[in-house]
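Participant: Below you'll find the structure I mean.
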Amino acid sequence: MLNQGAAAAGGQGENTENAAGAELAQEFVRFAVEAGVLRFGEFKTKAGRMSPYFFNAGLFDDGAKLGRLAQFYARALVASGIGFDMVFGPAYKGIPLAATVAVELARLGRNVPFAYNRKEAKDHGEGGTLVGAPLAGRVLIIDDVMSAGTAARESIALIRAAGATPHAMAIALDRQEKATEGGRDVEHSAVQYVRDALGLQVCAIATLADLLLYLSASGGDAQMHTHRDRVLAYRQRYGVEDTTAPTMAAGSR
């Protein structure tokens, strides 16, 4: 009976965590839409696909929006339970993310060092390509989205060359769609590749499934329902089967 009770308590705790993750994801999608960062229409992706939505993290372009984005990253990371010793932001978009997320993590009681890289090595002053704390221990890579895993591979090589361990990756939105190799679609997403082939845990604030939940919950808004139908059609064509939950797409902890 004691074991059954413990199992039940564990299940209740997991359900509570999933509910909190779902709420955070919906809050983030709503914020991204209201900020104009997540837009609907017709957009050409890097893979050459015509997508009915576009997530442009570069439009988190003032202090208030960037600060709130950092809060979402920090909350998602704490909720994921992923362990790490420092944060690394790959140039260029990862640079402000690493700094602001480190600030938010410290505010939540988890003070960790951060670093980022330059695209070009500096030949004066401190020199080199790395800025900030020395890379050491388990490193969390932080970026906005993941299209092909190229930035992840480059960051992994840089971190290993410094003698540290690339351990996990945090992104804002997991598009949950097929990656491309040699111009052809493959059956896995970039996130699945990073998680399964490169061995990194991945934490996404929200996923394509969360976006669809947001659009489906938009009441009688006919325009949102039209967007939902177009996103659904896109997912049916390019989506991947994923074992992660629709929210808090973290890999194994």
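Backbone N, Cα and C define each Cβ position, glycine as well.
Per TrEMBL, the features are:
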BINDING   LYS46, 92-93, 118-119, LYS122, HIS124, 143-151  5-phospho-alpha-D-ribose 1-diphosphate binding site
BINDING   PHE54, PHE55, SER147, ARG175  orotate binding site
DOMAIN    69-178  domain 'Phosphoribosyltransferase'
Participant: If you average per-residue pLDDT over the domain 'Phosphoribosyltransferase' (69-178), what number do you get?
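Facilitator: When the pLDDT values over the domain 'Phosphoribosyltransferase' (69-178) are averaged, the result is 91.
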Participant: Write out, in the order they occur in the sequence, the residues of the chain not among PHE54, PHE55, SER147, ARG175 that have a C-beta within 8 Å of the mean position of the C-beta atoms of the recorded orotate site.
Facilitator: THR45, SER51, TYR53, VAL145, LEU173
Participant: Measuring Cα to Cα, how far is LYS46 (5-phospho-alpha-D-ribose 1-diphosphate binding site) from SER147 (orotate binding site) in Å?
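Facilitator: Between the Cα atoms of LYS46 (5-phospho-alpha-D-ribose 1-diphosphate binding site) and SER147 (orotate binding site), the distance comes to 8 Å.
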Participant: Could you state the whole-number distance in Å separating the C-alpha atoms of LYS119 (5-phospho-alpha-D-ribose 1-diphosphate binding site) and SER147 (orotate binding site)?
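Facilitator: Rounded to the nearest whole number, the Cα-Cα distance is 19 Å.
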Participant: Take the C-alpha atoms of PHE54 (orotate binding site) and LYS93 (5-phospho-alpha-D-ribose 1-diphosphate binding site) and report the distance between them in angstrom, rounded.
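Facilitator: With the alpha carbons as reference points, the distance is 17 Å.
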Participant: Under DSSP, is ARG175 (orotate binding site) part of a helix or a strand, or is it coil?
Facilitator: coil
